[in-house]
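Just below is one structure, and these are the notes that go with it.
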Amino acid sequence: AGTWLLYLPCSWSIALAAAPGCLPDGRMLALFGVGAVLMRGAGCTINDMWDRDYDRKVARTASRPLAAGDISTFQSLVFLGGQLSLALCVLLCLNYYSILLGAASLSLVVTYPLMKRITYWPQLVLGLTFNWGALLGWAAIRGSCEWAVCLPLYVAGVMWTLVYDTIYAHQDKRDDAVLGVKSTALRFQEQTKPWLSAFSLTMLLSLCLAGLNSSQTFPYYTAVAAAGLHLAHQIYSLDPDRPEDCWRKFTSNRTVGVLLFTGILLGNL
């Protein structure tokens, strides 16, 4: 699920950057797919390295290899080096602007896992990290960012991450409170649903702005409306005190991303 959620904003951007009447660049979609697998994996490795002591004390994460003592920190560092080296190979297939833009995201990837120790808004930092592809995909096709399109698309992605990762964080809120780890789930408490609704509305408005600035057509806005209905159902039916329901709602966000990609594709054609 995490790999899809990292990849889908890239696919939106690549599809939006395609010439009117044309399909998105299949080679770029494939390259970004490989990059998403590698960078999401690298993010998980970094996260597990930072959090190994916390993970041992949380039932859901105690079996992770570092937390369980199955591998050493040095072994995980070597593995991380392999992941990042392969990801660099993917990045070097892009234009110079995109290479610099992609490299700029590495600081976010490395520092995100520390945010839960500092702020109740680590999900915001995750959103800034996870949706970098909304900028990078367009730049890989067009050679630079067109900010009137890329910026609202990026904002939409960040708001989307705040929705699904707040839902995700509700799975661990009891353990996090004991350990002193911060999250938006602990920050919002009983006000979670109003906050999620506000994030969803901002996401939808940002998607509309990105569509207007890229001359999108009716199928695109239909998909935005369908994504909005999906998010509304998620929020309305969410039981934040049931971890299994939080997990189910979290993973269903792949459908939101695929709906939007399909809308961009059909709108462009």
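Note: Cβ is positioned from N, Cα and C throughout, glycine not excepted.
Those TrEMBL annotations? Automatic predictions, nothing curated.
Note on TrEMBL: of 94-112, 246-264, the range annotated with the feature transmembrane segment is 94-112.
Within the same chain, the transmembrane segment (124-141) stays apart from the transmembrane segment (195-212): fewer than three Cβ pairs sit under 8 Å, each pair at least 6 residues apart.
Long-range neighbours of the signal peptide (1-17) within the same chain, counting only residues 6 or more positions beyond its ends whose Cβ lies under 8 Å from a Cβ of the stretch, are 24-25, 28-29, 32-33, 35-37, 39-40, 44, 130-131, 133-138, 140-142, 149-150, 153-154, 157, 161, 164, 210, 214, 216, 250-251, 253-254, 257-258, 260-261, 264-265, 268.
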